[in-house]
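> Next up is a structure, given as structure tokens.
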Amino acid sequence: MEETDPLLHSNRVQRESTSLQRSDQNDTQRIRPDRIAVVCIILTVMCERLAYYSVVANLILYCHSKLGLSSTKATDINLIFTGSVFLVPAFGGYIADVYTGNSLVFITIGSGGIKSNIGPLGAQQVECLGTPAVQSFFNWFFWSINFGAVIAHTAVAYVQQKIRFDYGYLIPLVVMIIGQFIFWIGRNRYITASDEGSPFREIFGICWASRCKGFDQAERRNHGRIYTEESVKRVRSFCKILPVFGLAIVYFGTYAQTHSTFFLQSERLDISKLSDIVPDAALGSFDNIAILILIPLMEIFIYPFLKRINRPPSLLQRMGLGMIFAVLSVVAAGVLEIYRKHDISLNQTIFDKDYNASSISIFTQIPQFTLMGTSEVFTSVSGMEFTYSEAPDMMKGVCMGLYLDTIGIGAFFALMIIKIVNGIFKDPWLPDDINNGKAENLFFLFAVLTFLNFILFIFVAKRYKNSKEQNNERSHNAGNDPGD
């Protein structure tokens, strides 16, 4: 290879040295984070999520009442929209990592830039205070997401249902403009990383050099001229977290039911107990309300208590616990569906569309929404923190994007499962009118799939060593190497 090759050892060492110097300077110069910068980031993500949920909250109802689509088509559109939105972040993270150094420009482009980069950008502002500060940031970061979701499910959904849908869909545009302005206010306060070059070029290059038989061969084969030890460590760390991402897909497929099949069930439960000023989509906010209550509870009381008694759960343990709550959520939905179909005795009108419904109150859905919200506190929050803490420095944006992509892939996974069971069985589980279907079987199927996924997750989690543990082990082995 020519000495002018941009992957040469000297250039890479220089970049790594610069990165380490910058990190040291941040640790010494920034004793305290800029609170205004952190607040701007939190408010920006709240606005983005408020805008997103303003579209999703009543999407099925809009498809029914305004577009005249069947329940099956409405569910398809909901899952495809969710999946598509969450497939963009990996690209946004890649652009930020390679060209913009976390996204001061790319965040303004849209959902892909915001989702994958604003979390790592916020964590960067507080990481000088240590791991507890990063954990606290992601807790309140997720809290703000769900605060925006509650506003969308209540105030915005009210405008859509009770006044006009077009006015209600104008609100997300206005909110996003406000969010961009808030982010712009803090533009000169953010700590950002400079671009480090293409992470995928390094990943593919090292895999090729090692012939995928062991990353250490990449150093030996090239005698340290091309890929340094730090480069190999980065790629090893990246590859190590991919199985965890893969095992999040089934969980997010189950989570996708909250805004699709759960809503179909809501339309066919007795809504008479709801006030005229409460939109039907408000029931979806019980998921978010549970999160708004649980996050401060965990942050202020539970996690500190577990730490004092030396029993703090690891990030992977929290993620696994959240999967169990998701299983319980869809089991509760399945049991409710069985009882609901035994009593179809009402005819109710929702936004000029008639539904044959059960006399069972819509409030009986509160347990399944609350359980799913509880699962998010453990799986989703811990997943973001795990991604940020375990991703290599020059790959944090793309890794966060890949983690968020699992939400989109999960939505498409859920859509695939629905299509498969509807095609296999003579009587579709989710027909146009779920009163004539077997939605309870679908809920129980998601429970089984999520539980089996949980068992596999345990297997992976027990064998996973976080970056700090692995570095300590390698240092110990190096110290005992007889060749030293």
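Glycine is no exception: its Cβ is also placed from the backbone N, Cα and C atoms.
The following feature annotations were taken from TrEMBL:
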type     : residues : note
REGION   : 1-27     : region 'Disordered'
TRANSMEM : 36-63    : transmembrane segment
TRANSMEM : 75-96    : transmembrane segment
TRANSMEM : 140-160  : transmembrane segment
TRANSMEM : 167-186  : transmembrane segment
TRANSMEM : 241-264  : transmembrane segment
TRANSMEM : 285-306  : transmembrane segment
TRANSMEM : 318-339  : transmembrane segment
TRANSMEM : 402-422  : transmembrane segment
TRANSMEM : 442-461  : transmembrane segment
> Cβ pairs under 8 Å only, please: of the recorded stretches 285-306, 318-339, 402-422, which one is richest in them relative to the transmembrane segment (442-461)?
318-339
> Output the single range from 36-63, 140-160, 167-186, 318-339, 402-422 maximising the number of Cβ pairs under 8 Å to the transmembrane segment (285-306).
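It is 140-160 that shares the most Cβ pairs under 8 Å with the transmembrane segment (285-306).
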> Under 8 angstroms, Cβ to Cβ: which one of 36-63, 167-186, 241-264, 402-422 has the largest number of such pairs with the transmembrane segment (140-160)?
36-63
